[in-house]
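Novice: One structure coming up, written as structure tokens, with questions to follow.
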Amino acid sequence: MNETNHSRVTEFVLLGLSSSRELQPFLFLTFSLLYLAILLGNFLIILTVTSDSRLHTPMYFLLANLSFIDVCVASFATPKMIADFLVERKTISFDACLAQIFFVHLFTGSEMVLLVSMAYDRYVAICKPLHYMTVMSRRVCVVLVLISWFVGFIHTTSQLAFTVNLPFCGPNKVDSFFCDLPLVTKLACIDTYVVSLLIVADSGFLSLSSFLLLVVSYTVILVTVRNRSSASMAKARSTLTAHITVVTLFFGPCIFIYVWPFSSYSVDKVLAVFYTIFTLILNPVIYTLRNKEVKAAMSKLKSRYLKPSQVSVVIRNVLFLETK
């Protein structure tokens, strides 16, 4: 009987961000701090929104959900990448690789749809302010969040369906710090040209359609407020600037990686770091530094849990223990 298959690949080797041993400690420290900043920044937003009744509005409800998804996006691969900086051979099992593919498309797909929901929320708030609380009821907000997760699940299931049955029997080196779908499919033992086209079509449709909806929403808002007072125009511009910045930083790398046909591995690797790490750090900064309500709520939260009298007592106790 002839052997019909080569030995099946049971693990993949991740080449990581850099092959330089000298850079590994620096990269370990840098990305550990960045990941910690992502967790602290986004969990702070979630805590602030949930603890302050003044922020129990549709906009901040969606913002808190965005922060939660940002934590998920940062956590699907970053801890593994940080741990890999400490080892020479960076491997990941076949099942764990598929899990990374599943989660990255689930979370990023959900975030794209949620950003569209946030743009719709701003459209209703600015263009139809008298009907805002009726249109953006709590039930509608919950439905919008559930839709974002549902679309993300459908998107990632369809993407994973292209990969799970591919035969992997030869090369197993992935030139990235996580199992990126386009890179993994190219390692299959068969011609994956059609599969690659389906992957691009799936990701491209979700990315481009979401991005176009966002562009249309923001354009309508800007046209609507153009003839209003300078004060309302300034407030609308401030809000839109924050949203547009987040959208550009998130969608730009995703569209370039999955839609642009002339990208290279080195460029894709940098862009992957951008939308899985750097953008997620900027989101809390962008949304809080430009928002007086969030900053006021954070100050109130700090005064509640970090009272000067309590801090001084802790300091005195520490000094007393040190002098004993």
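Yeah, the Cβs are placed from backbone N, Cα and C, and that goes for glycine too.
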Novice: In terms of membrane topology from Swiss-Prot, T50 and K300: same side, yes or no?
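Specialist: According to Swiss-Prot, K300 sits on the same side as T50.
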Novice: Who are the chain neighbours of the transmembrane segment (26-49) in space, where the CB to CB distance is under 8 Å and they lie at least 6 residues beyond its ends?
Specialist: 17-18, 55-56, 60-61, 63-64, 67-68, 70-71, 74, 78-79, 81-82, 85-86, 277-278, 280-281, 283-285, 287-288, 294, 297-298, 301
Novice: Could you check the disulfide-bonded residues C97, C189 and say which one's CB has the fewest neighbouring CB atoms inside 10 Å?
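Specialist: Looking at the disulfide-bonded residues C97, C189, the Cβ with the fewest others within 10 Å is that of C189.
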Novice: Short question: which residues 6 or more past the ends of the transmembrane segment (101-120) have a Cβ under 8 Å from it?
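Specialist: Same-chain residues near the transmembrane segment (101-120) but 6 or more away: 59, 62-63, 65-66, 69-70, 72-73, 76-77, 144-145, 147-149, 151-153, 155-156, 159-160, 163, 178-181, 184, 203, 206-207, 210, 213-214, 217-218, 243, 246-247, 250-251, 254, 275-276.
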Novice: Do at least three CB pairs under 8 A connect the transmembrane segment (58-79) and the transmembrane segment (270-289), leaving out pairs fewer than 6 apart in sequence?
Specialist: yes
Novice: Please indicate, using numbers and ranges, the residues of the same chain that are 6 or more beyond the topological domain 'Cytoplasmic' (50-57) and have a C-beta under 8 Å from a C-beta there.
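Specialist: Same-chain contacts beyond the ends: 64, 293-294, 297, 300-301.
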Novice: When secondary structure is assigned with DSSP, how many helix, strand and coil residues does the topological domain 'Extracellular' (80-100) contain?
Specialist: 12 helix, 3 strand, 6 coil
